[in-house]
Ligand SMILES: Cc1cc2nc3c(=O)[nH]c(=O)nc-3n(C[C@H](O)[C@H](O)[C@H](O)COP(=O)(O)OP(=O)(O)OC[C@H]3O[C@@H](n4cnc5c(N)ncnc54)[C@H](O)[C@@H]3O)c2cc1C
């Protein structure tokens, strides 16, 4: 049982969210004279950078997830509750959750981000997001379901919408995902679906800007575009999505593509519980902090990672939404709290940018390290190494390495199981008729 504020002699630090930021922070408080209570709606940490490999069947979902209790099994001052945090009462220092109310001395909001459909309800209804394991599994099932549907149809024109796959957003997620789907076409389709011709399948990548990987160097952007084209991906630049009704996607350039599968990687926005003042919510639904990760106007409350908006001179629009930024802030806040408890001042947080990378199918990647650029096989090996050492858990690393090795040797994309059939939402007009 957890003790109440009046019953305990030590401080309680509540961390909402067991993502990259929350986990790093909790770890840094090991052996400190405080209680760390981590609350997450899931009992596991998700390694989001490899979600696209779950979505395309290279990895099983348990290879990129790690149980939070197991992660902290040797940390004496650690407690965990699997719960949804619903509301923060910062005046009385309580968090209200789906399993009860807990008091805190320090609170860290590390709740990350969710998919942003920019208010387009119809797109939101039918497009597939990829922010967590369940959503990645849905994509895997749905892509395979569409192949199964396609083989049932005699006419090519009837099969078309089942074999057109559209990925929206040309950032790292969209680039990696569209490359991996194109590899399904190249290596799996012919073997598993002899009734279909691989020429019938099309992969589209839609990007609103004039290039893919806009946040990376010019060279990386150009290389990634070339790799995608070599894999057969149709890249549509300077174009946004105007609508998607579940059967046809319409674009701002006036074109439309018949498709049952639209995967949305075009935007994210912060997610957090209720109880925060509207004035401190910034662009992208992120919580404004000062230079020391403290939420503006809230005593002893910090926000870190994707949910936080720390605007600095170098990053006037906030820090980039990447794992290293969340981890560095987690580490920083752990030390900040210790300093605060010892009545010591802290320097402002400074983000150290380690570089960026993205992979485009087998054997190809791009890596930007400061002013140094790498591409091709060497970049791909670097990408694999960095991801392998970053995944939590020895077993997960071994399983991932074995899977990648098998895929490299056989070009076989692994898991092709439809365990839970993905049920698409019904068309709006049908729902309205049924309610009537
Ligand atoms: C598909 C994809 C690919 C990516 N690729 C890369 C990459 O290659 N490199 C890179 O650096 N970054 C990448 N990122 C971004 C990176 O994953 C994020 O920047 C990072 O996860 C942010 O960490 P965080 O701790 O802020 O939040 P998260 O890791 O998102 O963790 C948030 C946690 O909070 C929990 N939570 C949220 N709300 C509540 C609530 N109300 N109650 C209880 N629990 C809650 C969630 O369950 C989750 O566990 C990628 C992201 C995605 C989606």
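Using N, Cα and C of the backbone, Cβ positions are placed for all residues, glycine too.
Computed from a predicted structure; not experimentally measured.
Within the set 341-358, 359-376, 377-394, the record from TrEMBL flags 377-394 under the feature transmembrane segment.
When Cβ-Cβ distances below 8 Å are used as the criterion, the transmembrane segment (377-394) is approached by residues 23, 45, 47, 49-50, 63-64, 66, 70-71, 323, 357-359, 362-367, 400-401, 404 of the same chain, each at least six residues removed from its ends. Along the domain 'External alternative NADH-ubiquinone oxidoreductase-like C-terminal' (354-409), the predicted structure has mean pLDDT 93.
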